[in-house]
Amino acid sequence: MKSVIALTMVASAAAFAPQSTSTSSTSTQLAETQSDLKALGPKLNPLVGFWDPLDLANAGFWGFSQEQTVGWLRQSEIKHGRVAMAAFVGYCVQSNFVFPWSLTFGGLPHPSTDLSPPEQWDALPMAAKVQIIAFVGFLEWYSELSDNDNGPHYTKGGKPGQYPSFKNVPHGKASTLDLYDPFKLSTKRTDAQKEKGLLVEINNGRLAMLGIFGFLCEQTIPGSVPALGGIVKPYAGEVMAPFV
């Protein structure tokens, strides 16, 4: 679970206007224009609908077209929502449970629950931190590969949120489990179930982004989140400096 806490410190959880995503190669192709986002808005949140106060859907990042920018923004929200969901669960688990086995070959135990999750990260050996950050970096690099069976890059008409299969790695076709749905359980779901699941994932990701940063804000600025007062422990470190 320490890896998910580290990942939240590496990536900023920036939410974007309503969108839908695909996490399976069997999902339908998504539209890539502002009009399609406006149609999706009420499905995700009937009270808010489409909300884009910074007019990001009309922007052109790094020379991208509007459609490419929308694809990038969709991917960004989906990714950060997933990270936040994992981080929120990881934070709760690490606050209450300790793995019984040793952390290192030298017998170093896992940090105690007397420490908050950020303090547990600080207590890790540097080698452990480097391994976690390197693994997260590999996942990020691999997710950007467009030369795979899942289709083109998400800025070029591909499906935002779809993670490439590890079975495209040489010598990995028979033994490698995919990051998404390693046991292929989603293949039994109907199209209607998949569509509903995509909307649920976006909304849960948004809520998780608020949740994990609510924890971190209350820890670093006591009283900033009154509902969490006395629940999370104060933290005097720097959550955005993983090697400090």
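The first residue you see is number 1, and the count goes up from there.
Each residue, glycine too, has its Cβ placed from N, Cα and C.
So that you can see what the record holds, here are the features copied from TrEMBL:
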- 1-15: signal peptide (SIGNAL)
- W51, E77, H80, E201, N204, R206: chlorophyll a binding site (BINDING)
- R82: chlorophyll b binding site (BINDING)
For R82 (chlorophyll b binding site), just count the other CB atoms lying within 10 A of its CB, please.
21
Local backbone state of N204 (chlorophyll a binding site), from DSSP in three classes:
helix
Candidate with sparsest Cβ neighbourhood (10 Å radius) among W51, H80, N204, the listed binding-site residues:
W51
